[in-house]
Every structure is written in C-alpha cells, then in structure tokens.
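Down below is the structure, laid out as structure tokens.
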Amino acid sequence: ERPTRGAEPPRCDSCWPHICFCKSVFSYFFSSCPSLFQSLIELFVNRLDSVESVLPYEYDAFDFCQDMEEKRPSENLGQVLFGERIASSPYKEKNNIKWASRWDYILESMPHTNIQWFSIMNSLVIVLFLSGMVAMIILRTLHKDIARYNQIDSSEDAQEEFGWKLVHGDVFRPPRKGMLLSVFLGQGTQIFIMTFITLFLACLGFLSPANRGALMTCAVVLWVLLGTPAGYVSARMYKTFRGEKWKTNVLLTALLCPGIVFADFFIMNLILWVKGSSAAIPFGTLVAILAMWFGISVPLTFVGAYFGFKEKPIEHPVRTNQIPRQIPEQSFFTKPLPGIIMGGILPFGCIFIQLFFILNSIWSHQMYYMFGFLFLVFIILLITCSEATVLLCYFHLCAEDYHWWWRSFLTSSFTAVYLFIYAVHYFFSKLQITGTASTILYFGYTMIMVLIFFLFTGTIGFFACFWFVSKIYSVVKVD
C-alpha cells in the first residue's frame, strides 16, 4: 500500500530480504533508506496462468501496477509460439543470490524429484531386461530356423516346409495404399531426425530452460530444414512400392501432415484470439511460419524427392510370385488388430513416467530440466519399438501371413493411442481445468502431439521390420 503522510520509514536493519516496490513508492523509500537499494535488480514479468484455465494473459491485462515506460526484450520464435511474452515491470528486487545458483530454488521446490530419479532408473532396468529377452529369443529361434531351412535340399523335403520360408514369394509384394504409407514414412523420418538432434543439443546444455523458447525454436527450425530427408525417403519407398504417381507423392509429403498440424494450430489460435489471450500468435508470425513452410521446407522436400526418384528401387533378396498365396486361417493372437494393440504396450511402458513430467511442464507450469534422462528414454523407446515390432512380425510370418508392411508401421505407432488415453486420464485426474475453450485447447494441442508421436514411432517400427525381413530372407536358400 502507498505509505500515509507522517508514517515512520522502515529502518535498514528491518528491511525485507525480497521486496518489490512500485515506482510511485520507490522515491519515498529511497529517501528514507538508500542503502536498501544498492543491489536492486530490475524485474520483468511473464504471462499470467491459472490452474483452472490454459488461457494465459498479459501481465498488464489486469489492474496491476504498470510500468509507464514499458520495454519488451526481443522474443524468439519459441517464446511467441508458447505465448511467453515478457515485459518490463515497475518493480525492483533486492537479491543476494549468485548467478550460478539462480535456479536452485526452483529445483529444490520441484515436487516428486526424488521419485522421478528412482522411477526412471527402475523403468530403464525393466525395459533393458525385457529388450534383452526379446532379442535373445529372436536370435536363438532364427538361428535354428535358418540352419534347418538351409539343410533341406530335396524337393520332397521342401514340400514339408512350414513357417516363414513358405511366404518368400509374397513377403515383398507391394502393400495397399502404398502412397499413404510412403508419405507417413517420409514425415516420420523428418520428425525422428528433428527429435534426435533437438534432444541431443538439450542434453549437452545448449537448450537450457533458462533460455526461454530455445527448445521450440530449435525444433521448428530443424523441421523446416529437414524437408530433404522427408522427400527422399518418401520418394524412394514409393518407387520401391512400384508407384507411378510421383507428383502426388511429392505434394502429399510436403503438405499432408504439416497441413493437418497447421490447421489444428490455426483453429486453436482463433480460440486464443477470441478470448484475448497473450498466447495468441500475431498474424505476422503466422505469415512468417507459412513463408518458412512454403519458401524453405516445401522446396527442400522437392529436392529430396528428386534425388529419391533418381535412385533405383530398393532391391529385395527374393522374387515376388505373380499369383498371391492364400493366407491360412489365423488364430486370435496372430490376427492384425490384437497384435497391433499388444505391440504398443511395451514402448509406452518405458515412456509413461517421463510423459507425466512432460505434461506437468506443459500444463501445470513446472520446470522440466532432466534432458539427459529424456534422451536416454528416447534411445530406449527406439529399441523397444524396434524389438516389439520385429518380434510380432516374426510370429505373423511364421503363421504364413505376409501382410507386414502396414502392420509393422501400425504396431509401434499404436503407442500414440496409449499416449492419447493417458492424456485423457491426466486431464480428468490431475488438472483442474474448467471451461469449454480451455478443454478444446487442451485436446487440440494433445492431438498435435499424438500425430507427431504416431508418425515417429510408426517409422521406427517399419524400418526395423524392413531390415529384419530383408535380412532373414537373404540368408536362406530359395529355389
């Protein structure tokens, strides 16, 4: 409150250790106690958040003491996308904390920090153990299969064969909807490289939480610059699938998935505009994002597709028969849907603990700083996606079902469905969000996360299976 006339000024030995002053009161206290203000730090204000809403607002949107000479520091792209608007304030703070220790009070106040350490270590041990078991079973069983198949020489014995060698003439038959699968693989490759580089830089400390918006800026810039790998992988796989509509393939690779994300993002931004939130992205920034997309990413995708179509199709180790082989009746566990549902459980099991803390940092406004553990969990996710998909693919081939192309992609990408279910559980059990707009925003942004995770995990599972199938059919003798 403003001091009344005749009030006794505070003594220097009784001054508050951390105290904020409005400039209208500053001159009064400075004249009374000048030594108090020898080490004052100018304070900047961030957005205002609430546990009951995901709509942030500018600090001066409410009737607070405002800075008459408002100054805004330069903001990077990540800050603008996240609504991290920073402005000067009329407050000063006396602070004796050293610069190197400025984050200590945040780290010490983090809830469940010790639990996170033990939980991550526990999950890593379990996942590594399961991964070792899966790898050992596959390698041991495959070794026996290959040895048995290669010992059979006579045609009479060959007729008694069973298992995955019987479908060698159909295993590389091009899949249905090969266009869409190749587009998903191109986009998934782009997301994988972007995620790997971003997490690696964050792990090395280049993207510290102290630098607001650096993580988001790095991810967006990398995604824009990685259009060439997306175009190359999509074009090369589409040519391998014997596709001929190469123009449609290139356009879909450049526009389909980014267009879905941008449309979702634009609708969310309209809601923020209507509500007057500080997280609403200015129109000029939206135009700049579109310019980066169509001016840099799309041409780079075309360049990658050009080199992809110039390459020869990937050669398969066995020839494909003219007439498709009839698939025998399948048991319940070797049917497509049960296998796909089961395939996403193990990869999700290694990330759900980290997912809880990531969701906390996004929606509960907590600081996330353990990028080293996150990078380690990312590597474990790659391993489990690959091994779980390869294991199920092997079982299906042994059951003489050679439709593995889409199944390998969907098996690992079903982890994204579990991610969405967990996000729904988190919304109802952990958050106190009320209001239709906040609910729409939560699930709108969640769908973007789910789509990105769907493409990323599906691509990992597909290429692991592609390598596995090519490898096992290249080491057996086929007439």
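Glycine is treated like the rest: Cβ placed from N, Cα and C.
Whatever TrEMBL says is automated annotation, not expert-curated.
Copied over from TrEMBL:
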{"type": "TRANSMEM", "residues": "117-139", "note": "transmembrane segment"}
{"type": "TRANSMEM", "residues": "183-207", "note": "transmembrane segment"}
{"type": "TRANSMEM", "residues": "213-238", "note": "transmembrane segment"}
{"type": "TRANSMEM", "residues": "250-274", "note": "transmembrane segment"}
{"type": "TRANSMEM", "residues": "286-309", "note": "transmembrane segment"}
{"type": "TRANSMEM", "residues": "340-363", "note": "transmembrane segment"}
{"type": "TRANSMEM", "residues": "369-397", "note": "transmembrane segment"}
{"type": "TRANSMEM", "residues": "409-428", "note": "transmembrane segment"}
{"type": "TRANSMEM", "residues": "440-469", "note": "transmembrane segment"}
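Long-range contacts of the transmembrane segment (213-238) within the same chain, counting only residues at least 6 positions beyond its ends with a Cβ under 8 Å from a Cβ of the stretch, are 75-82, 84, 178-179, 181-183, 185-187, 189-191, 193-195, 197-198, 201-202, 206-207, 246, 249-250, 253-254, 289, 292-293, 296-309, 311, 313-314. Under 8 Å from some Cβ of the transmembrane segment (440-469) lie the Cβ atoms of residues 54-55, 171-172, 181, 184-185, 187-189, 191-192, 195, 257, 260-261, 264-265, 267-268, 271-272, 343-344, 347, 363, 381-382, 385-390, 393-394, 397, 404-405, 408-413, 415-417, 419-420, 423, 427, 431, 433, all in the same chain and six or more residues away from its ends. Cβ atoms under 8 Å from those of the transmembrane segment (183-207) belong to residues 214-215, 218-219, 222-223, 226-227, 229-235, 237, 249, 252-253, 256-258, 301, 371-372, 374-375, 378, 409, 452, 455-456, 458-460, 462-463 of the same chain, restricted to positions at least 6 beyond its ends. Sequence-distant contacts of the transmembrane segment (409-428), counting only residues of its own chain at least 6 positions beyond either end whose CB sits under 8 Å from a CB of the stretch, comprise 181, 184-185, 339-341, 343-345, 347-348, 351-352, 355-356, 359, 363, 385-386, 388-389, 392-393, 439, 442-443, 446-447, 449-451, 453-455, 457-462, 464.
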